[in-house]
(Lines of atoms letter the chains of each structure in order from A and count residues from 1; the text may use other names and numbers.)
(Lines give C-alpha, C1' and ligand atoms only; values in the text may rest on other atoms or scores of the structure.)
Protein backbone atom coordinates (compact mmCIF):
# COMPACT_ATOMS: atom_id res chain seq x y z
CA UNK A 1 0.00 0.00 0.00
CA UNK A 2 2.88 2.31 0.72
CA UNK A 3 4.33 1.80 -2.75
CA UNK A 4 0.89 2.38 -4.26
CA UNK A 5 0.58 5.67 -2.38
CA UNK A 6 3.99 6.75 -3.59
CA UNK A 7 3.00 5.91 -7.15
CA UNK A 8 -0.15 8.02 -6.81
CA UNK A 9 1.98 10.82 -5.39
CA UNK A 10 4.24 10.69 -8.41
CA UNK A 11 1.16 10.60 -10.60
CA UNK A 12 0.06 13.90 -9.16
CA UNK A 13 3.34 15.27 -10.37
CA UNK A 14 2.94 14.29 -13.96
CA UNK A 15 -0.51 15.65 -14.16
CA UNK A 16 0.61 19.23 -13.88
CA UNK A 17 3.43 18.99 -16.39
CA UNK A 18 2.52 20.44 -19.72
CA UNK A 19 0.96 23.43 -21.34
CA UNK A 20 0.95 25.90 -24.09
CA UNK A 21 1.18 29.48 -24.87
CA UNK A 22 0.42 32.48 -27.04
CA UNK A 23 -2.38 35.31 -27.53
CA UNK A 24 -3.97 38.33 -25.83
CA UNK A 25 -6.84 38.70 -23.46
CA UNK A 26 -8.56 41.05 -21.06
CA UNK A 27 -7.08 42.13 -17.74
CA UNK A 28 -8.58 40.44 -14.73
CA UNK A 29 -11.02 42.12 -12.40
CA UNK A 30 -9.94 42.04 -8.74
CA UNK A 31 -13.16 40.45 -7.59
CA UNK A 32 -12.68 37.26 -9.56
CA UNK A 33 -11.40 34.01 -8.17
CA UNK A 34 -7.80 33.13 -8.89
CA UNK A 35 -7.07 30.08 -10.99
CA UNK A 36 -3.69 28.88 -12.03
CA UNK A 37 -2.87 26.82 -15.08
CA UNK A 38 -0.49 23.95 -15.05
CA UNK A 39 1.80 26.41 -16.66
CA UNK A 40 -0.36 29.40 -17.52
CA UNK A 41 -2.17 31.59 -15.02
CA UNK A 42 -5.84 32.37 -15.53
CA UNK A 43 -8.94 33.29 -13.60
CA UNK A 44 -12.34 31.72 -13.44
CA UNK A 45 -15.09 34.01 -14.67
CA UNK A 46 -17.88 34.24 -12.10
CA UNK A 47 -20.58 36.04 -14.09
CA UNK A 48 -23.83 34.12 -14.79
CA UNK A 49 -23.61 31.44 -17.46
CA UNK A 50 -23.69 32.75 -21.02
CA UNK A 51 -26.38 31.38 -23.25
CA UNK A 52 -26.08 30.81 -26.96
CA UNK A 53 -29.13 29.88 -29.03
CA UNK A 54 -30.98 29.08 -25.81
CA UNK A 55 -28.35 26.55 -24.68
CA UNK A 56 -26.45 27.34 -21.45
CA UNK A 57 -22.69 27.56 -21.86
CA UNK A 58 -20.46 26.85 -18.86
CA UNK A 59 -18.42 29.79 -17.56
CA UNK A 60 -14.90 29.87 -18.99
CA UNK A 61 -11.54 31.13 -17.87
CA UNK A 62 -9.83 34.40 -18.54
CA UNK A 63 -6.06 34.57 -18.82
CA UNK A 64 -3.43 37.29 -18.69
CA UNK A 65 -1.72 38.80 -21.72
CA UNK A 66 1.39 36.65 -21.39
CA UNK A 67 -0.64 33.43 -21.39
CA UNK A 68 -2.78 34.66 -24.27
CA UNK A 69 0.28 35.59 -26.32
CA UNK A 70 1.60 32.07 -25.96
CA UNK A 71 -1.70 30.43 -26.89
CA UNK A 72 -2.04 32.46 -30.10
CA UNK A 73 1.60 33.00 -31.07
CA UNK A 74 3.65 31.22 -33.71
CA UNK A 75 5.52 29.15 -31.15
CA UNK A 76 2.49 26.98 -30.45
CA UNK A 77 0.64 27.37 -33.75
CA UNK A 78 3.58 26.93 -36.16
CA UNK A 79 6.78 25.64 -34.54
CA UNK A 80 5.25 22.92 -32.36
CA UNK A 81 3.05 21.36 -35.08
CA UNK A 82 5.95 21.37 -37.57
CA UNK A 83 8.14 19.41 -35.14
CA UNK A 84 5.29 17.02 -34.32
CA UNK A 85 4.67 16.41 -38.03
CA UNK A 86 8.34 15.49 -38.51
CA UNK A 87 8.25 13.15 -35.50
CA UNK A 88 5.04 11.53 -36.73
CA UNK A 89 6.27 11.03 -40.32
CA UNK A 90 9.55 9.44 -39.14
CA UNK A 91 8.47 7.84 -35.88
CA UNK A 92 5.34 6.00 -37.01
CA UNK A 93 6.84 3.84 -39.80
CA UNK A 94 10.23 3.33 -38.11
CA UNK A 95 8.81 2.22 -34.77
CA UNK A 96 6.06 0.21 -36.47
CA UNK A 97 8.67 -1.66 -38.49
CA UNK A 98 10.87 -2.10 -35.40
CA UNK A 99 8.02 -3.60 -33.38
CA UNK A 100 7.09 -5.89 -36.27
CA UNK A 101 10.71 -7.09 -36.53
CA UNK A 102 10.98 -7.74 -32.80
CA UNK A 103 7.69 -9.63 -32.65
CA UNK A 104 7.63 -11.59 -35.91
CA UNK A 105 11.12 -11.69 -37.41
CA UNK A 106 13.32 -12.20 -34.34
CA UNK A 107 13.27 -15.82 -33.16
CA UNK A 108 15.44 -15.57 -30.05
CA UNK A 109 13.85 -13.34 -27.42
CA UNK A 110 16.95 -12.06 -25.65
CA UNK A 111 16.55 -9.47 -22.85
CA UNK A 112 17.77 -6.72 -25.20
CA UNK A 113 15.08 -7.67 -27.71
CA UNK A 114 12.42 -7.60 -24.98
CA UNK A 115 13.45 -4.14 -23.79
CA UNK A 116 13.68 -2.78 -27.33
CA UNK A 117 10.26 -4.20 -28.23
CA UNK A 118 8.73 -2.46 -25.22
CA UNK A 119 10.51 0.76 -26.12
CA UNK A 120 9.19 0.59 -29.68
CA UNK A 121 5.69 -0.11 -28.35
CA UNK A 122 5.83 2.92 -26.04
CA UNK A 123 6.95 5.14 -28.93
CA UNK A 124 4.24 3.78 -31.19
CA UNK A 125 1.48 4.27 -28.61
CA UNK A 126 2.51 7.90 -28.28
CA UNK A 127 3.06 8.71 -31.97
CA UNK A 128 -0.28 7.36 -33.19
CA UNK A 129 -2.07 10.17 -31.33
CA UNK A 130 0.07 12.93 -32.82
CA UNK A 131 -2.40 13.83 -35.62
CA UNK A 132 -4.80 15.06 -32.92
CA UNK A 133 -2.07 17.12 -31.28
CA UNK A 134 -0.96 18.54 -34.63
CA UNK A 135 -4.54 19.51 -35.48
CA UNK A 136 -4.96 21.10 -32.04
CA UNK A 137 -1.97 23.42 -32.49
CA UNK A 138 -2.67 24.23 -36.15
CA UNK A 139 -6.19 25.36 -35.21
CA UNK A 140 -4.93 27.89 -32.68
CA UNK A 141 -4.76 25.53 -29.68
CA UNK A 142 -8.45 24.78 -29.97
CA UNK A 143 -9.40 21.24 -28.92
CA UNK A 144 -12.52 19.88 -30.63
CA UNK A 145 -12.19 16.15 -29.94
CA UNK A 146 -13.70 15.95 -26.47
CA UNK A 147 -12.43 15.46 -22.94
CA UNK A 148 -11.74 11.71 -23.19
CA UNK A 149 -9.39 11.93 -26.18
CA UNK A 150 -7.56 14.85 -24.57
CA UNK A 151 -6.87 12.71 -21.50
CA UNK A 152 -5.66 9.81 -23.63
CA UNK A 153 -3.37 12.09 -25.65
CA UNK A 154 -1.78 13.64 -22.57
CA UNK A 155 -1.46 10.34 -20.71
CA UNK A 156 0.33 8.64 -23.59
CA UNK A 157 2.43 11.74 -24.28
CA UNK A 158 3.98 11.82 -20.80
CA UNK A 159 3.93 8.07 -20.37
CA UNK A 160 6.11 7.69 -23.46
CA UNK A 161 8.79 10.03 -22.13
CA UNK A 162 9.16 8.22 -18.82
CA UNK A 163 8.82 4.79 -20.44
CA UNK A 164 11.64 5.67 -22.81
CA UNK A 165 13.91 6.76 -19.97
CA UNK A 166 13.30 3.61 -17.93
CA UNK A 167 13.56 1.13 -20.81
CA UNK A 168 16.68 2.88 -22.11
CA UNK A 169 18.21 2.48 -18.66
CA UNK A 170 17.33 -1.22 -18.59
CA UNK A 171 18.83 -1.68 -22.04
CA UNK A 172 22.05 0.08 -21.04
CA UNK A 173 22.49 -1.99 -17.88
CA UNK A 174 21.70 -5.18 -19.79
CA UNK A 175 24.32 -4.40 -22.45
CA UNK A 176 26.95 -3.91 -19.77
CA UNK A 177 25.91 -7.12 -18.02
CA UNK A 178 26.27 -9.10 -21.26
CA UNK A 179 29.85 -7.88 -21.65
CA UNK A 180 30.76 -8.65 -18.04
CA UNK A 181 28.87 -11.95 -17.79
CA UNK A 182 28.47 -13.37 -21.32
CA UNK A 183 27.86 -16.94 -20.12
CA UNK A 184 24.68 -16.18 -18.16
CA UNK A 185 21.61 -18.34 -18.73
CA UNK A 186 19.61 -16.64 -21.54
CA UNK A 187 16.20 -18.00 -20.51
CA UNK A 188 16.62 -16.77 -16.94
CA UNK A 189 17.68 -13.34 -18.23
CA UNK A 190 14.66 -13.24 -20.54
CA UNK A 191 12.29 -14.00 -17.65
CA UNK A 192 13.85 -11.19 -15.61
CA UNK A 193 13.48 -8.80 -18.56
CA UNK A 194 9.79 -9.67 -18.91
CA UNK A 195 9.22 -9.08 -15.19
CA UNK A 196 11.05 -5.74 -15.24
CA UNK A 197 9.10 -4.63 -18.32
CA UNK A 198 5.76 -5.44 -16.70
CA UNK A 199 6.82 -3.54 -13.57
CA UNK A 200 7.73 -0.48 -15.66
CA UNK A 201 4.38 -0.50 -17.48
CA UNK A 202 2.55 -0.82 -14.16
CA UNK A 203 4.52 2.07 -12.68
CA UNK A 204 3.84 4.29 -15.70
CA UNK A 205 0.14 3.41 -15.55
CA UNK A 206 -0.05 4.39 -11.87
CA UNK A 207 1.90 7.59 -12.47
CA UNK A 208 -0.39 8.72 -15.29
CA UNK A 209 -3.71 7.80 -13.61
CA UNK A 210 -4.35 11.39 -12.44
CA UNK A 211 -4.07 12.56 -16.04
CA UNK A 212 -7.09 10.44 -16.89
CA UNK A 213 -9.04 11.43 -13.77
CA UNK A 214 -8.76 15.21 -13.83
CA UNK A 215 -10.49 17.56 -16.22
CA UNK A 216 -8.08 18.50 -19.00
CA UNK A 217 -10.13 20.76 -21.28
CA UNK A 218 -10.82 24.39 -20.34
CA UNK A 219 -12.88 26.88 -22.36
CA UNK A 220 -11.49 30.43 -22.71
CA UNK A 221 -14.23 32.81 -23.94
CA UNK A 222 -11.87 35.71 -24.73
CA UNK A 223 -10.07 33.56 -27.32
CA UNK A 224 -13.06 31.36 -28.15
CA UNK A 225 -10.93 28.24 -27.79
CA UNK A 226 -10.94 25.12 -25.66
CA UNK A 227 -7.48 24.21 -24.44
CA UNK A 228 -6.25 20.69 -23.79
CA UNK A 229 -3.93 20.37 -20.81
CA UNK A 230 -2.94 24.03 -20.99
CA UNK A 231 -4.99 25.75 -18.28
CA UNK A 232 -6.00 24.32 -14.91
CA UNK A 233 -7.89 25.94 -12.01
CA UNK A 234 -5.76 26.92 -9.05
CA UNK A 235 -7.96 24.99 -6.65
CA UNK A 236 -6.84 21.67 -8.12
CA UNK A 237 -3.21 22.40 -7.30
CA UNK A 238 -3.23 20.61 -3.96
CA UNK A 239 0.00 20.61 -1.96
CA UNK A 240 3.44 21.65 -3.04
CA UNK A 241 3.68 20.62 -6.69
CA UNK A 242 7.24 21.85 -6.93
CA UNK A 243 8.32 19.08 -4.54
CA UNK A 244 6.33 16.53 -6.53
CA UNK A 245 7.92 17.50 -9.82
CA UNK A 246 11.33 17.66 -8.22
CA UNK A 247 10.82 14.10 -6.93
CA UNK A 248 9.78 12.93 -10.38
CA UNK A 249 12.76 14.61 -12.04
CA UNK A 250 15.15 13.00 -9.55
CA UNK A 251 13.52 9.57 -9.38
CA UNK A 252 12.51 8.97 -12.99
CA UNK A 253 15.09 11.05 -14.84
CA UNK A 254 18.24 11.87 -12.84
CA UNK A 255 18.74 8.48 -11.16
CA UNK A 256 18.18 6.47 -14.39
CA UNK A 257 20.45 8.91 -16.27
CA UNK A 258 23.27 8.40 -13.78
CA UNK A 259 22.75 4.64 -13.88
CA UNK A 260 22.89 4.69 -17.69
CA UNK A 261 26.05 6.81 -17.74
CA UNK A 262 27.72 4.53 -15.17
CA UNK A 263 26.86 1.43 -17.19
CA UNK A 264 28.40 2.91 -20.33
CA UNK A 265 31.56 4.10 -18.57
CA UNK A 266 32.09 0.62 -17.12
CA UNK A 267 31.33 -0.88 -20.53
CA UNK A 268 34.06 1.17 -22.20
CA UNK A 269 36.57 0.30 -19.46
CA UNK A 270 35.80 -3.40 -19.84
CA UNK A 271 36.17 -3.31 -23.62
CA UNK A 272 39.46 -1.40 -23.37
CA UNK A 273 40.93 -3.86 -20.89
CA UNK A 274 40.06 -6.87 -23.05
CA UNK A 275 42.28 -8.22 -25.83
CA UNK A 276 41.91 -5.95 -28.85
CA UNK A 277 41.47 -8.22 -31.85
CA UNK A 278 39.55 -7.07 -34.91
CA UNK A 279 36.21 -8.31 -33.55
CA UNK A 280 36.70 -6.56 -30.20
CA UNK A 281 37.63 -3.31 -31.93
CA UNK A 282 34.43 -3.38 -33.98
CA UNK A 283 32.43 -4.12 -30.84
CA UNK A 284 34.07 -1.20 -29.03
CA UNK A 285 33.37 1.20 -31.89
CA UNK A 286 29.74 0.08 -32.01
CA UNK A 287 29.46 0.57 -28.24
CA UNK A 288 30.88 4.10 -28.55
CA UNK A 289 28.35 4.96 -31.27
CA UNK A 290 25.58 3.61 -29.06
CA UNK A 291 26.79 5.70 -26.12
CA UNK A 292 26.88 8.86 -28.24
CA UNK A 293 23.35 8.17 -29.50
CA UNK A 294 21.92 7.56 -26.02
CA UNK A 295 23.70 10.57 -24.49
CA UNK A 296 22.40 12.74 -27.33
CA UNK A 297 18.90 11.50 -26.53
CA UNK A 298 19.31 12.41 -22.86
CA UNK A 299 20.78 15.86 -23.51
CA UNK A 300 18.40 16.82 -26.32
CA UNK A 301 15.18 15.04 -25.38
CA UNK A 302 15.03 14.47 -21.63
CA UNK A 303 17.37 16.81 -19.73
CA UNK A 304 15.94 20.19 -20.90
CA UNK A 305 12.30 19.23 -20.33
CA UNK A 306 12.88 17.81 -16.85
CA UNK A 307 15.11 20.70 -15.79
CA UNK A 308 12.75 23.39 -17.06
CA UNK A 309 9.81 21.57 -15.49
CA UNK A 310 11.38 21.98 -12.04
CA UNK A 311 12.40 25.60 -12.71
CA UNK A 312 8.94 26.45 -14.02
CA UNK A 313 7.09 25.16 -10.97
CA UNK A 314 9.65 26.68 -8.63
CA UNK A 315 8.87 30.09 -10.15
CA UNK A 316 5.13 29.48 -9.85
CA UNK A 317 5.61 28.46 -6.22
CA UNK A 318 7.76 31.44 -5.25
CA UNK A 319 6.64 34.22 -7.61
CA UNK A 320 3.13 33.14 -8.67
CA UNK A 321 4.24 33.52 -12.29
CA UNK A 322 6.61 31.75 -14.66
CA UNK A 323 8.07 33.31 -17.79
CA UNK A 324 10.10 30.24 -18.76
CA UNK A 325 7.07 28.31 -19.92
CA UNK A 326 7.73 29.06 -23.58
CA UNK A 327 11.18 27.49 -23.19
CA UNK A 328 9.63 24.54 -21.41
CA UNK A 329 7.20 24.06 -24.30
CA UNK A 330 10.09 23.92 -26.75
CA UNK A 331 11.95 21.45 -24.53
CA UNK A 332 8.85 19.29 -24.16
CA UNK A 333 8.39 19.33 -27.92
CA UNK A 334 12.02 18.29 -28.46
CA UNK A 335 11.54 15.43 -25.99
CA UNK A 336 9.33 13.73 -28.60
CA UNK A 337 12.37 13.36 -30.87
CA UNK A 338 13.25 10.24 -28.87
CA UNK A 339 10.66 8.44 -30.99
CA UNK A 340 12.88 9.16 -34.01
CA UNK A 341 16.19 8.38 -32.26
CA UNK A 342 15.17 5.05 -30.71
CA UNK A 343 15.28 3.07 -34.00
CA UNK A 344 18.95 4.08 -34.37
CA UNK A 345 19.58 2.67 -30.90
CA UNK A 346 18.08 -0.64 -32.03
CA UNK A 347 20.34 -0.54 -35.09
CA UNK A 348 23.50 -0.11 -33.01
CA UNK A 349 22.52 -2.63 -30.31
CA UNK A 350 21.32 -5.60 -32.35
CA UNK A 351 22.96 -7.18 -35.38
CA UNK A 352 19.79 -9.24 -35.88
CA UNK A 353 17.78 -6.02 -36.07
CA UNK A 354 20.16 -4.61 -38.69
CA UNK A 355 19.85 -7.76 -40.79
CA UNK A 356 16.06 -7.97 -40.43
CA UNK A 357 15.62 -4.26 -41.17
CA UNK A 358 17.74 -4.59 -44.32
CA UNK A 359 15.73 -7.62 -45.47
CA UNK A 360 12.44 -5.88 -44.71
CA UNK A 361 13.44 -2.80 -46.72
CA UNK A 362 14.42 -5.10 -49.60
CA UNK A 363 11.01 -6.84 -49.31
CA UNK A 364 12.54 -10.22 -48.58
CA UNK A 365 10.24 -12.72 -46.90
CA UNK A 366 11.35 -14.95 -44.04
CA UNK A 367 11.36 -17.93 -46.40
CA UNK A 368 13.60 -16.10 -48.87
CA UNK A 369 16.02 -15.10 -46.11
CA UNK A 370 16.17 -18.69 -44.82
CA UNK A 371 16.92 -19.99 -48.33
CA UNK A 372 19.70 -17.42 -48.72
CA UNK A 373 21.21 -18.44 -45.38
CA UNK A 374 21.09 -22.14 -46.31
CA UNK A 375 22.68 -21.40 -49.67
CA UNK A 376 25.39 -19.30 -48.05
CA UNK A 377 26.12 -22.01 -45.49
CA UNK A 378 26.33 -24.63 -48.25
CA UNK A 379 28.80 -22.51 -50.22
CA UNK A 380 30.98 -22.03 -47.15
CA UNK A 381 30.92 -25.77 -46.45
CA UNK A 382 31.78 -26.52 -50.09
CA UNK A 383 34.74 -24.16 -50.01
CA UNK A 384 36.00 -25.72 -46.79
CA UNK A 385 35.60 -29.23 -48.23
CA UNK A 386 37.42 -28.21 -51.41
CA UNK A 387 40.23 -26.74 -49.38
CA UNK A 388 40.50 -29.92 -47.32
CA UNK A 389 40.49 -32.12 -50.46
CA UNK A 390 43.22 -30.11 -52.16
CA UNK A 391 45.40 -30.22 -49.06
CA UNK A 392 44.90 -34.00 -48.81
CA UNK A 393 45.88 -34.43 -52.48
CA UNK A 394 49.02 -32.39 -52.02
CA UNK A 395 49.97 -34.55 -49.05
CA UNK A 396 49.54 -37.74 -51.08
CA UNK A 397 51.58 -36.50 -54.03
CA UNK A 398 54.40 -35.50 -51.73
CA UNK A 399 54.86 -39.12 -50.84
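Note: Cβ is positioned from N, Cα and C throughout, glycine not excepted.
Residue 180 and residue 322 carry different topological domain names in Swiss-Prot and therefore face opposite sides of the membrane.
Cross-referencing 34-67, 238-271 with Swiss-Prot places the feature transmembrane segment at 238-271. Averaged over the topological domain 'Cytoplasmic' (272-279), the predicted model reaches a pLDDT of 67. Counting residue by residue with DSSP, the topological domain 'Cytoplasmic' (104-110) contains 2 helix, 0 strand, 5 coil.
A distance of 18 Å separates the Cα atom of residue 224 (N-linked glycosylation site) from that of residue 150 (disulfide bond). Only pairs six or more apart in sequence are counted, and the transmembrane segment (74-103) with the transmembrane segment (186-213) gives fewer than three Cβ pairs under 8 Å, not enough to call it a contact.
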